[in-house]
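Trainee: The structure is given below, and queries will be raised subsequently.
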Amino acid sequence: MSGESRGAVASGGLVVAGIGFLLTRSATAASTAGGTSAPFLVGKLPFLVVGLSLSLFGVVLAVSRWGRTHGWTVARWCLLGTAATGVAIGASLLGTELAGTQTSTATRALGFDLLLTGAVGGALTGVQASRRHAQERDLTERTARLTLLNRILRHEVLNGVNVVRGYAGLVGEGSDDGQSPDAGRVIERSADRIGDAVGEVTALSRPDRTSPVAVQSVLDGRVAAAVERHPDAEFTVEGDATGVDVCATDRVADLFDHLLRNAVEHNPAGTPRVTVRVEATWRTVRVTVADDGPGLPAPQRRILLDGSLPEYDDPSAGFGLTVVRLLAEESEATVGLGAGVDGEGTAVSLTFRRHRTPDGRSPAVDAGVSKRRIRDVGVAATVAGVAMGLLLESLQGAIPVIGSLYGVSTPLVGWTTHQFHSLVFGVGFAALLGTPRLARYRDRLSVVTLVGAGYGAVLSFVAAGVVMPLWFRTLGVPAPLPNLSAVGLVGHLVWGATLGAVFALLDR
């Protein structure tokens with residue numbers, strides 16, 4: 001289980017959002033057409049919408065689950081698309097200047113439009129590259145699984161069948177010296193191995209879904225079975241996670257079994273020592289199985305760390321490590337390697353995600369905002385944006401001012417950018433409700449509405465009162481700092497309360 005970013009926000013998405021905002025603002029401001037004229041509607045409004053959509057996509061990428069693992073891939077491609085287009089435009093403009101032709105305002109505006117197009121194209125390429133990489137990873141895992149199944153069938157089943165055939169004729173026959181093996185018992189053991197192999201193949205061919213698993217109870221049972229199975233080995237258990245559930249499949253018991261078997265069966269010592277350590281943190285549970293054996297060679301370490309299978313069968317190694325890797329991936333557990341008992345041998349650790357933190361919350365909130373909640377907050381933010389916009393327009397006629405942030409102060413651009421801002425901050429609100437402190441209240445309409453109103457009040461002071469006038473000043477437009485008004489505060493309170501109420505209703 002891996003990812004590019006595990007923090008509260010995927011910074012790659014913010015890079016995409018920043019590129020989209022700057023290029024959109026520059027492209028719109030460079031236009032010489034009026035904000036309501038036909039040339040603007042045909043030639044500039046589409047670029048405004050596309051650019052704002054790129055910025056919004058970046059914000060969604062920053063807080064969504066998908067963006068946590070693919071955000072920087074999309075950001076790199078977006079930067080590459082912007083840079084490549086910029087180089088092409090720069091070369092063209094340089095040639096024009098060398099030819100003695102003056103670059104017009106319309107040409108510069110077209111250049112910004114092309115830069116925006118390159119950024120969007122790069123971002124789309126990044127999305128496709130991320131999806132292709134995920135598909136390749138999935139195909140690699142499936143190939144490894146099929147290869148393992150084939151080897152288990154060929155090695156265990158065929159060998160067992162050969163043993164059964166070889167001893168079948170000796171069933172019921174005795175031996176003069178009493179030293180010949182009991183053919184019936186040999187056949188029985190071989191049949192058991194065939195049955196185990198078929199069961200392994202059946203289970204591995206159908207991966208399970210994760211569910212809450214009492215990890216300590218399962219682990220205690222498997223350690224007890226290992227003690228009975230290997231009476232000459234010395235097992236030590238450290239730590240305790242009683243009462244803690246982890247997210248894992250029902251086959252987590254088999255996962256522990258394979259680790260314990262490998263720790264003993266590949267240890268040539270007369271009394272193999274195995275230490276099982278359990279460590280529970282706020283969000284995870286780590287189970288470590290350490291031995292004092294000869295250690296794992298590099299090919300077997302690669303099997304555990306990246307799932308790469310050797311090209312040819314290695315009968316001495318068995319299939320346990322490959323099964324461990326596949327079962328760990330099913331349970332979304334992270335595999336780690338370290339030093340074994342007293343610095344000798346190998347320690348294999350499995351880190352599982354807790355089903356619930358000690359205070360009863362789900363660690364899954366750190367995984368980002370789900371697609372369904374992104375959709376719901378999009379609807380809520382649209383409704384809230386309309387409510388706030390109608391209020392501000394009726395009281396102050398202030399909507400066109402918002403368009404000034406992008407260089408065009410008209411009602412059309414004002415409404416377009418206002419709704420864009422509403423969507424962006426709405427996505428931020430969904431991420432806020434996903435934090436551990438607020439996640440437990442998401443199904444309570446009154447609380448979410450109140451939080452939404454508070455969120456709107458903060459935006460009124462910070463975004464509208466400070467950031468907006470600072471932005472105007474950088475554009476050479478005089479603006480008081482802070483720029484606070486009662487109407488603006490009321491508008492943001494209405495926006496936040498509407499956002500929270502509609503989102504809570506849709507999220508039920």
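Glycine too: its Cβ is placed from the backbone N, Cα and C atoms.
Whatever TrEMBL says is automated annotation, not expert-curated.
From a predicted model like this one, the values you see are computed outputs, not experimental measurements.
Feature table excerpt (TrEMBL):
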{"type": "TRANSMEM", "residues": "45-63", "note": "transmembrane segment"}
{"type": "TRANSMEM", "residues": "75-94", "note": "transmembrane segment"}
{"type": "TRANSMEM", "residues": "106-127", "note": "transmembrane segment"}
{"type": "DOMAIN", "residues": "152-356", "note": "domain 'Histidine kinase'"}
{"type": "TRANSMEM", "residues": "377-399", "note": "transmembrane segment"}
{"type": "TRANSMEM", "residues": "419-435", "note": "transmembrane segment"}
{"type": "TRANSMEM", "residues": "447-472", "note": "transmembrane segment"}
{"type": "TRANSMEM", "residues": "484-506", "note": "transmembrane segment"}
Trainee: Within the same chain, where does the transmembrane segment (447-472) have neighbours whose Cβ lies under 8 angstroms from its own Cβ atoms, ignoring anything closer than 6 residues to its ends? I mean 6 or more beyond.
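Mentor: For the transmembrane segment (447-472), the sequence-distant neighbours (Cβ-Cβ under 8 Å, at least 6 residues beyond its ends) are 404-405, 425, 429, 432-433, 438, 441, 478-484, 488-489, 491-501, 503-504, 507.
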Trainee: Which residues of the chain, 6 or more past the ends of the transmembrane segment (419-435), have a CB below 8 A from one of its CBs?
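Mentor: Answer is 8-9, 17, 52, 55-56, 59-60, 63, 365, 368-369, 373-374, 376-378, 380-382, 384-386, 388-389, 402, 441-442, 448, 451-452, 455, 459, 463, 495-496, 499-500, 503.
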Trainee: Hey, which bits of the same chain come close to the transmembrane segment (45-63), Cβ under 8 Å, at least six residues off its ends?
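Mentor: Distant contacts of the transmembrane segment (45-63): 9-21, 23-24, 27-28, 70-71, 74, 113, 116, 119-120, 123, 368-369, 374, 406, 412-413, 416-417, 420, 423-424, 427-428, 430-431, 434.
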Trainee: By a Cβ-Cβ criterion of under 8 Å, what residues six or more beyond either terminus of the transmembrane segment (75-94) are in contact with it?
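Mentor: Counting only partners 6 or more residues beyond its ends, the transmembrane segment (75-94) has Cβ contacts under 8 Å with 12-13, 15-16, 19, 23, 103, 107, 111, 114-115, 117-123, 125-126, 129.
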Trainee: Can you work out which residues elsewhere in the same chain, 6+ from the ends of the transmembrane segment (484-506), have a Cβ less than 8 Å from its Cβ atoms?
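Mentor: Sequence-distant neighbours of the transmembrane segment (484-506): 376-377, 379-381, 383-385, 387-388, 391-392, 395-396, 398, 422, 426, 429-430, 433, 442-445, 448-457, 459-461, 464-465.
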Trainee: With a Cβ cut-off under 8 Å, give me the same-chain residues at least six positions beyond the ends of the transmembrane segment (106-127) that come close to it.
Mentor: 16, 19-20, 23-24, 26-27, 30-32, 47, 50-51, 54, 57, 70, 73-82, 84-86, 89, 93, 96
